[in-house]
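As given in Swiss-Prot:
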DNA_BIND  2-73  DNA-binding region
REGION    191-250  region 'Disordered'
REGION    242-300  region 'Transactivation'
MOTIF     36-73  motif 'DEF box'
Amino acid sequence: GGSSRHEKSLGLLTTKFVSLLQEAQDGVLDLKAAADTLAVRQKRRIYDITNVLEGIDLIEKKSKNSIQWKGVGAGCNTKEVIDRLRCLKAEIEDLELKERELDQQKLWLQQSIKNVMEDSINNRFSYVTHEDICSCFNGDTLLAIQAPSGTQLEVPIPEMGQNGQKKYQINLKSHSGPIHVLLINKESNSSKPVVFPVPPPDDLTQPSSQSSTSVTPPKSTMAAQNLPEQHVSERSQNFQQTPATEISSGSISGDIIDELMSSDVFPLLRLSPTPADDYNFNLDDNEGVCDLFDVQILNY
């Protein structure tokens, strides 16, 4: 049968050609003789090799059909060349040492990740629960923010509202992805945190029907509901869901919503415009996401 594809490859031919070149007297090789020795019918394949070797300054043309390996030419064994060769070898050794160090560091990191992910004791410390957060900020209103890297956060100086209370704002701006905000609320040490997204879904602001099961949480300045399961997996991957008071979809207390909506500072704002209103499309560099919408309560 014919020769294999590997035997005809240019890479294998180059290896054989360089071997001939290194064995040639004074490093001078006749290309016609090389083509006959290597049984190459198409001489252009030989020229393809010599063009590359000449381009990287390993050979030079002596005549039309002969080339010379520069490693054996005059001046190739000067002190300058030898010193340069030693420097290059030292650089290679240094790079190989650094590569081994990086490989070792990589193995340590992989083992550390494995210890955290698979060890039963360490596993419970790989996430933060709603209970953990609430215990650190007892009595405060908690907003958990999940935003992509590079998100800009701005907290303007609080302004006094019409009722004499300060109005606080947080402006978040991201150019690389969506920003998700969760309101986490806990009434007392005995109660469990309740969580829902900000702004709340439409069904949270709807009065609950008589057929739905509802639980009225204690009145406070903040109300909350368990985040639906799909939102927990998609929107709050960094926050472990904790069991909370079971509240079916759309069953948050109407009294709590009415109380919040009637207050001077309603903490949850629906930014989607009504069919009759349009968005404000232009933003200056000093404006945040709140300025994109005509939200009067934030513009006092």
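Positions of Cβ are set from backbone N, Cα and C atoms, glycine also.
Keep in mind that what you see is a predicted model, and the values were worked out from it rather than measured.
Averaged over the region 'Transactivation' (242-300), the predicted model reaches a pLDDT of 56. Secondary structure counts, DSSP: the motif 'DEF box' (36-73) has 18 helix, 9 strand, 11 coil.
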